[in-house]
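Pulled from Swiss-Prot, these are the features on record:
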| type | residues | note |
| --- | --- | --- |
| ACT_SITE | ASP774 | active site, proton acceptor |
| BINDING | SER664, LYS682, GLU726, CYS728, ASN731 | ADP binding site |
| BINDING | ASN779, ASP801 | Mg(2+) binding site |
| COMPBIAS | 554-565 | compositional bias 'Polar residues' |
| COMPBIAS | 569-579 | compositional bias 'Basic residues' |
| DOMAIN | 941-1072 | domain 'KEN' |
| REGION | 243-262 | region 'Disordered' |
| REGION | 553-593 | region 'Disordered' |
| TOPO_DOM | 31-518 | topological domain 'Lumenal' |
| TOPO_DOM | 540-1072 | topological domain 'Cytoplasmic' |
Amino acid sequence: MKSLKGRLLFLRKFVFFSLLILLFAHGASSSSSSFNYFDKRTNGKANNELALFSPTADSPSSVDGVLELPSAENVFAESSLYNAFIVATVDGSLHSYDRITGQELWSLFTNANPGLSYTKDENSLLSSKFLSQSNFKSYNSTHGEFYSDSTLNISYLSDDDTVWFVEPIDGGILYAFNLQTGLVRLPHSIKDLVHASPIRLLNNNVFVGSKNTTLFTIDVSNGDIVSQYPSGHRYETHHSVHNLGTKRDSVPSGADSDLSFKDPSGKKLSESLDLLDDFNYQVTVSNKSFVDIARTEYFITIYSDSNVILDLVYIDWTPTKNEIMYESFHSSSFDSKLALSSYDSSLHIVDTHSKFIKQNIPLMSPAATVFDIVTLPHNKKIDKSQTPAKFPTSVLLRQPIDTYLETMFPQIARNKTEHVYINHIGNAWFAMSERHYPLVSLAPEASFLYYNGFYIPLNSIFGLHSLMATPKPFFALPGLPGYDIPSYVESEGSTKTLPSIGKKPIPLLDPNPISSTPISITFWVIMFLSVSFTIVTFFSILRIRSSEVRPLKSQKNTVSINNKIDTSKRRRKGKRRKRVSDEHSASSNFNEIESQASFEQNQTLDILSENIVEIQDKSTDPLQKSLDSSLKSHLPEATVIQNTDGSVTVNSLTVYPEVIGYGSHGTIVYRGVYEDREVAVKRVLMEFYDLASREITLLQQSDNHPNIVRYYCKQKSDQFLYIVIELCKCNLSDLIEKPIAYDDLFKSIDLVSLLYQIAFGVSHLHSLDLVHRDLKPQNILLVVNNSPNLSKTRVRALISDFGLSKKLDFNQSSLRNTTFEAAGSYGWRSPEILSGSLSQQSKEIQVKTREGRIRQASHATDIFALGCIFYYTLTGGMHPFGSHYDCEGNILKGNYCLVHLQSLGECGVLAADLIEDMIAFEPSKRPTIEVVLNHPLFWDYAKKLDFLIDVSDRFEVEERDPPSPLLQMLENNSKSVIGENWTTCLHSSLVDNLGKYRKYDGSKILDILRVLRNKRHHYQDLPESVRRVLGDLPDGFTSYFVEKFPMLLLHCYHLVKDVLYEESQFKRYLEY
């Protein structure tokens, strides 16, 4: 063994020194090689292009046939960074913000529109295969808080409609959305189409394009336009602040310097971010600095048979061509501040050194481009007395977001599926891809898949989409055949971009190709030798490890494992706590799989993610050994058999190597079979047997319920505890955020019924005095009942993850100190958990707020999380307290917004009423789970109809002249319930039928209740035309009235609950 290890050590040293030689050889070959960017035929062209740059001291020069380019050190070493950003937003405006305080300084072009703008001649004919963005099919509908007297005009899409979007970068990248194809990115930008026009495309339609460019010179200190080429309309500057701040280290108001910046997976940014500045740049606060910026308008008009069918307008903001060279050097932030645009119209200023968000600047629309303002050394020598219009003193450089993409957002860089966010502001229809705007990956997915039928609401397509890339535009869009812009078409405005500029001189000619140099031959010889010895070393390591593992196979009741735990102990002996991970290779058994739990812990299709507390290693302490021994004695060890297919059999349980999920700190979930039933198997390290047993105990107490994940059994080997639980299809987060992946499942689900199941499961836990404390979409699992005899509900919701659950003591209404503080997950924790400090002066643990008030932490914490889950489910992934970064801050402030429920009609009104109570800041004001289950949101149409008829019967006996106090309460705020006159909201045939029998007062709630009651009792006597309007009993009939008056049911419900709750006829509606 010693000789083998000696050989291994020698081989490792040899490989190490070989690699050093390899790197040296590669560097030598790189430095001695040359790059032939221009050949003799393009010599004149290259020189002409280089002549575009101003002849300054630092401009490139040609010496002895070699283009001498300045290095980054020479260009920026003595440069000064102006203390402001210039931000171009998708609504077309320009804004300037202070780099230190984030305060807006000025704004320009506030009426411009750089996104994709649509205009259409109202008199022109529009082919059915095209869609004007301003001419969608429209229907009148009443939604949310828009009552009968104020209907909301909503636009809809059909399968034949195609909607166009543009990403405001790289010449206006075009996207097309269609219900049949999803979102498709086209390979040609608007700029390409303009340069290729005129051209016939798309069923022989004629595309004619043009562009118009205006150059502005702007005083960046106040936003004044000092010159304009060509001169024309003068634009007004809106001044917010007249002078820039001068205190460099000041902290902006409201900025959170402790907020850690995280990537879309939820993990902190990599600590290996090495893209730091090499120089200290001075931030200038001078009063005057001038920059050039170009505004280019691209116009495309589409003709069909001489008729204009669509006009597209795209406006782009760019620096001048003189600044192209400087942009190529701009590879990192000068002052370590990177401005990232978000989908929610905010600009996050991130410190690239500390990886913290320093500022969050709210904008009126998302930022399209962010420019740094840099004054170069040679510009400092300009005579200030000269005309500023002729001598801009600074240059605009786009912020180098691409440089930081892979380091700060590794998942986006590695993700094979790109995501794109689409939305519109006014007449600007824009797209933002996560590769250009990384923070849009946090946006909710578009909810158009929630809708069935030929028409869907237009606003349901706005959100995050998985990009369906296609090499040919319009290839799969209905009625739009593929096309190619001919390669021989070259516009006179097309330009050749300079090659990537490095720090070394670039010769114009390359006399010696790299492949012929002697150093290149040496390089490949050394590479061959290094690879050969690396292969030998690899197989030597395998031989040594196999010889160490072989004796374990003879031990009884063990599985042959090559685990890192023992080796880690020898290397780090004496450490009491550390993380444990297992290794897995393609050829080894599943026990060697490395545990890499993600932030959300639910990245697979079939998952069961359960949190287990932090892992502790076995200690050499005698007391710890005694404890381990006593824990293992709780359950006799089972016979473990290693099967040839890689699976493991433990008694009647077979565990397969297929990983379906990861838990916290080394817990792995595998697919398995238990007594001919497919199951999920959690493998837990034996060091945590006691903690896992507590979770098993809670599962055993609570799993006798259709909406609690089912526990089957536990098995134990000498190293692991196997917990066997129900196998599920996915979790609620997967279903809502990835509806395309679960299309069949999604279409079969009634979301309101699903929410009732979740609440029903929570009610079971609360009836057992259990507080879950970690309710979130990732812990709501979904299982499909394939047999129709099992249940009327095809999809069942199951509550899982009891790792943080706590059983309350008898008559205890709150939680223990040791388990309360860290409970819950980000974004789903109640305000009392986030802001409270625990008082230990009472047996019932109390929460003291920052204002000194005392609150109890109890079942209300689950109700709060459940309210957030309700909103998340109904709105397609939205959160009532805002975006990821602002969520918990808004929870602490009690700031919420339920506006996205308005599009759900009467269901949205009921949901908003319930959710608003569930997420109340004070726990005592939140409803119990029994009240939640009895809310009208979960009533079927028959129950709603019965309730309204009972209310009508009850109030008919009240004195009307003068009205009784109870009747006055019913009529209170009637305009917000039924409008000025409810008769104007009903169908004319129904109103005519009403007038034949008696008179009704259109301003009274009691009268509309009487109409509903009378027409229900005399439904069979109604004319056929009126019955068709009202629909069938009870669903169609009830739906007609509650959709016309969405506040009517809720108004009556609150009156009965507050005043008439003791009357017997209403108890069945209020008691669970």
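These residue numbers are counts, starting from 1, taken along the chain as shown.
Each Cβ is built from the backbone N, Cα and C atoms, and glycine gets one as well.
For the domain 'KEN' (941-1072), the DSSP counts in helix, strand and coil order read 92 helix, 2 strand, 38 coil. Rounded to a whole number, the C-alpha distance linking GLU726 (ADP binding site) with ASP774 (active site, proton acceptor) is 19 angstrom. For the pair LYS682 (ADP binding site) and ASP801 (Mg(2+) binding site), the C-alpha distance works out to 12 angstrom.
Note on proximity: of the recorded positions ASP774, ASN779, ASP801, the one nearest ASN731 (ADP binding site) is ASN779, by Cα distance. Each residue contributes its Cα atom, and for ASN779 (Mg(2+) binding site) and CYS728 (ADP binding site) those atoms are 11 Å apart.
CYS728 (ADP binding site) and ASP774 (active site, proton acceptor) have their C-alpha atoms 19 Å apart, to the nearest angstrom.
Secondary structure at the residue listed as 'active site, proton acceptor', taken from DSSP and collapsed to helix, strand or coil, is coil. Around ASP774 (active site, proton acceptor), taking its Cβ as the centre, 22 other Cβ atoms fall within 10 Å, counting all chains. Distance between Cα atoms for the residue listed as 'active site, proton acceptor' and ASP801 (Mg(2+) binding site): 8 Å, as a whole number. Averaged across the topological domain 'Cytoplasmic' (540-1072), pLDDT in this predicted model comes to 73. Look at the Cβ of each of the binding-site residues GLU726, ASP801 and count the other Cβ atoms within 10 Å; the largest number goes with ASP801. The DSSP secondary structure for ASN779 (Mg(2+) binding site) is helix.
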